[in-house]
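Colleague: Below is one structure. I have some questions about it.
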């Protein structure tokens, strides 16, 4: 018997020996796989890369070794990989080191298959249960190796290393697996009869299980006085019973349920049919097929989700989501606002743990027609100096699905490093217009507005219905001399091009006036826009009124004029991109941002997170999860 001594450093610094076992004829050969990469499992958590290199280095020339670790804690995951220069050395390592203790713990060595389909196919994989506790990986391998080349072999163990009584063996081909099943199923291993059969995933086991053929019966709603003998007497007349037990707690009291196992499945089925609903000691029994815990949990979860969905579908069109509420509005006040449009079954203002209003709430009507009428009449209406946002309430999951569907075709926006002057992109007429450079329609990556996700033209009373074409985007070029070293602009001194956009000259404002922000603004984000005609601050209400008389393109431009300077105060470098993202929100939401510095800062921060994620890759996923409304 060949003995190979592998000397290496133990985790505590002492020297440990790894003693090899004789090579088995059932080991997989290198010529079969032509593989130089090995998987090493069941490693001690203290084994390092260098110690793994020392153990396998005696088998041949090792190219690389790696112990896999948790990304956060850097703790070993208990497995690693070893790469040799030639297949012969890898085959020798499998034959001589498989199941050999490495620093006190037997390791498993097998070929590494990078193609996951090979590992997950289940071909040649068998399941063994009712194993004696003394049978370990090596004993199981030695037992099954005579039927063919074994790819992997494992006995399931708990956290303390004790066998759970079952294991798995995967052969290189299906023929070897079938041969092992035929020869060993029902045989005695260490005086215990074992079951050997094809491996089935849990989903496959559940789907292939014949729920009409069962022998184990579940009984509940038992009286406290019901005993095991009572169950035997009640069920015994339907067939031969192998066991009957009433489940008890630690104090010996009945838990109110039990199990009866029949020898014949037909007898069990007749007992269920006859005794389900039977009264015993004034208790009506429930009798049915005994289920596994996982099966029962799955069934209950499916039933719960179905009931939840049915309830949501029933009230979906009757439940309204209300946003941009004044902090002074209570549940009663919210109900009073919506009551003129129908029967309000419930109204709720959402609050934080301190009782402060979150500015949003829900109103449920008796019928969908009443909810639709309330939404059409109150969307954009000024309540306590704030325009309401009213829409059909959506579940979070449904909203995410809609966002994913909307942005599934959006291509990532590449964030290039800034060179020279900043060139923001937003609709014509934006602040700081220099020489206008038109580039036609916005590219797909600009996230064009779509019905139901962009601005809603009827959120402000009198706003024109229908959506026009996507507005053209342009890049206003800010002159270098107007740029501060820190990326900001000097107050004033911005030269407009001699030829303005005709729409800008004639239709920008109903009274022919432009908006501007006061010079020398500070860090606050709630400075109201100015009407240049009167040099007086333009209130949100007046802005909403002006928006109601403008076309969709003009509305977007007007809001961009007002929003851009506020965004620039919070995020100067990406102000244009962030402004464009915020303008995709509903009109009332943008108006809310204009008067709420805290809300604006939160949305800007959210937009910047998305832009950074897009720059790092995974744009579609980030855009799909973006929720700026």
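Cβ coordinates are placed from backbone N, Cα and C, and glycine is handled just like the others.
Pulled these from Swiss-Prot:
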type	residues	note
COMPBIAS	1-12	compositional bias 'Polar residues'
COMPBIAS	13-25	compositional bias 'Low complexity'
COMPBIAS	492-507	compositional bias 'Low complexity'
DOMAIN	36-114	domain 'RRM 1'
DOMAIN	124-201	domain 'RRM 2'
DOMAIN	215-292	domain 'RRM 3'
DOMAIN	318-395	domain 'RRM 4'
DOMAIN	539-616	domain 'PABC'
REGION	1-25	region 'Disordered'
REGION	480-507	region 'Disordered'
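Locate each feature and note its surroundings.
Modeller: Per DSSP, the domain 'RRM 2' (124-201) is made up of 22 helix, 30 strand, 26 coil.
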Colleague: Give the one range among 124-201, 215-292, 539-616 whose Cβ atoms make the most pairs under 8 Å with those of the domain 'RRM 4' (318-395).
Modeller: 539-616
Colleague: Could you pull the average pLDDT for the domain 'RRM 4' (318-395)?
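Modeller: Within the domain 'RRM 4' (318-395), the model's average pLDDT equals 90.
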